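Marked as domain 'SH2' by TrEMBL: 4-100, 110-210. Positions annotated as domain 'Tyrosine-protein phosphatase' by TrEMBL: 247-523. What TrEMBL records for Asp427, Gln508 is substrate binding site. Under the heading domain 'Tyrosine specific protein phosphatases', TrEMBL lists 438-514. Look at TrEMBL and you will find Cys461 tagged as active site, phosphocysteine intermediate.
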Amino acid sequence: MVRWFHRDISGIDAETLLKNRGIHGSFLARPSKKNAGDFSLSVRVGEIVTHIRIQNTGDYYDLYGGEKFATLSELVEYYTGNHGVLQDRDGTLIELKYPFNSSDPTTERWYHGHLSGPSAEKLLRERDEPGTFLVRESLSNPGDFVLSALTDEMANSGKRVSHIKIMCGAKGYTVGGKEAFESLADLVENFKRKGIEEVSGTKVYLKQPYFSTRVNAANIESRVKLLDQTAEHQNEEGGDKKIKAGFWEEFDALQKSESKVKKSRDEGMRPENKSKNRYKNILPFDDTRVILQTGDPNVVGSDYINANYNKMCEIGPQKVYIACQGCLATTVNDFWQMVWQEETHVIVMTTREVEKGRNKCVPYWPDPGASKEFGRYVVMSLSERDATDYKVRVMELAPLDQVETLLHSLLNLEQATQITHYLSWPDHGVPQEPGGVLSFLTQVNNKQMEFASAGPMIIHCSAGIGRTGTIVVIDMLIETIDTKGVECDIDIQKCILMVREQRSGMVQTEAQYRFIYLAVQQHIESEKVKQPSNRTELLEFLHQEWHKVIQKQCVRLV
């Protein structure tokens, strides 16, 4: 069952789901109720939902005369890309942009959802432990599944991976034969105990699961509960003790994966730039570092600042961030140079200047009402106000040779730069709950949207990786959910790996890792609360459907 395939819903059900929980471009596929074996593609176009029939001839899938495909997945992938154009009968263009995912058939972490056979083989061979297994959707037969397990037999490309088809029918889940199970979890538990026999007669054993970090955003509450569980463990002395499970396992795997990232940091290691690094071993990658454009080509290191660009690695325009270390006395001028050249209007600071007696960031702004020169630029502090959990400082910035620009800006705040200083992040650990951070990010993003041509937000703490990475990842995930809808898939671990490939060490602790999950969970909950009318309509629909069921039962009784 590919994620956008919904096995048991009607056209009315599809319309209700897409109208209440989808957005323009959301789509799903379902079995046709009129023609057995065929399918229907339901797509939200503006405020309406249109249905497109997909023919299954037994030889291929097509849209009754359109392009022909071997599988339903290939057909959908073709039309979600830029290859094919769908039109309604009245000529309206139909865009397949956001898959409306069905609920996972299980909350078990060995379930990987939409994963191809070759991708499953790659994951299992990298683990290199015979008996490692996972369950995934069948991409060739929507509604069925595949159990992929690593064996100890050698093949040309390494240890052989066995792919065993799991069929889902009226009697439950089965791999063939007489045994059928009510759930995927029951099936897996059964074969973990006794192994599973292939058609060839070879026995395949399921010893340890390969856990997935992918999750449907709408179901993140269940995943958090699962990851929060502890496991009983027998230590070598025979005594019982609790060991960390879930979050610790995922974060530990994240730490091990980062060691595979091999990138140069030569500029930060230059002798000329050592005094510009707050911590000698926390340096920017060369390929994503911010290069100061006013640097003198004859002066080594004059284009250097300890900062990197961060963005989602997806096709199309993406929101860009700059992750930066906290200013040193020797780097304040460079910092304002970066603000000017990047056309940044919003700066996010997540550390206090001094914490537990240690300098974390030099104040790089003038006192309220004052102005100060920083290298080539003059900065004037226009205002300063306190809010819950944070402080807002509004600055004006201009080159020294354009002071008249600054004077003009005092009457027109369209060019102002705002420093939003979050003050409630504890010295060690994370905030007790994510509500304050989410509210803070909402204010920050609202300010960013006020500037039509604003450059990247600059986000910094002290080292520019721990709290900074946490804020960047939370904002990226929220952006994804707000764009694609709460039914989209997210992978927090992979998102962190992605930003770590742009600046090393982003998200430093297990506590920060867990905090990201909690922030996304609370955001999802707040999004659901924002749609009371939709929930009312859904409840009315369910009430009507239940009333129909009761009527049918009454007819039978009569």
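Numbers here mean position along the shown chain, with the first residue as 1.
Positions of Cβ are set from backbone N, Cα and C atoms, glycine also.
Distribution of TrEMBL features across the structure.
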residue: Asp427; record: substrate binding site; DSSP class: coil
residue: Cys461; record: active site, phosphocysteine intermediate; DSSP class: coil
residue: Gln508; record: substrate binding site; DSSP class: coil
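Residues belonging to the domain 'SH2' (110-210) score a mean pLDDT of 90 in the model. Between the recorded positions Cys461, Gln508, Cys461 has the most other Cβ atoms inside 10 Å of its own Cβ, all protein chains included. DSSP states for the domain 'SH2' (4-100), grouped as helix (H, G, I), strand (E, B) and coil, give 20 helix, 32 strand, 45 coil. Around Asp427 (substrate binding site), the C-beta neighbours below 8 angstroms that are at least 6 residues distant in the chain are Glu355, Lys356.
The two recorded residues, Cys461 (active site, phosphocysteine intermediate) and Gln508 (substrate binding site), have Cα atoms 12 Å apart. Counting residues per DSSP class in helix, strand and coil order gives 22 helix, 40 strand, 39 coil for the domain 'SH2' (110-210).
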